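Since the structure comes first, as structure tokens, the remarks are kept for the end.
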Amino acid sequence: MDARGPKPVLYVAACALLDADGRILIARRPEGKPMAGLWEFPGGKIEPGETPEQAVVRELREELSVEPCERCLHPFAFVSHAYPDFHIVMPFFLCRTWDGFPQPNEGQELAWVRKEKLREYRMPAADLPLAAELRDRL
Ligand SMILES: Nc1nc2c([nH]c(=O)n2[C@@H]2O[C@H](COP(=O)(O)OP(=O)(O)OP(=O)(O)O)[C@@H](O)[C@H]2O)c(=O)[nH]1
């Protein structure tokens, strides 16, 4: 807490889609959104009453027209990170099986990236440990 009071805590769920060649899908935040231009993992805020898995399924459908099954979402890591204006808690899943071909429904740029190359893409601070975990543990 500081003089401005406690920071809001934001619960976000995200997912690494992994293709058969071991590449990971990342998306570039479009102009007009906070943190525009940074590369991140597909996902978004967990709505009230939703599980993290349900939030990932909904966001993948909205953002990418991709349908994973909930059972295909494997818990991989989580983040708890203090941004200057909010604190993010982010369960993070791996998914190797889904229906559909990812479409950039929100005008976002998409990239399939090898884990070794993730560090070449500028990411939000909260994602840096996730990129390192993917490099080390996949
Ligand atoms: N989706 C996603 N959000 C992330 C990641 N890392 C990270 O710091 N965030 C932050 O978590 C928050 C998620 O919000 P979002 O804007 O993607 O969620 P949303 O689609 O539900 O929001 P919206 O409907 O208000 O646009 C943003 O502040 C975003 O910058 C990540 O890897 N994936």
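Heads up, the Cβ atoms here are built off N, Cα and C, so glycines get one too.
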Recorded 8-oxo-dGTP site member, picked from Arg29, Arg58, that accompanies Glu40, Phe41, Pro42, Gly43 in TrEMBL: Arg29
Whole-number Å value for how far Glu63 (Mg(2+) binding site) lies from Glu40 (8-oxo-dGTP binding site) (Cα to Cα): 13
DSSP three-state assignment for Pro42 (8-oxo-dGTP binding site): coil
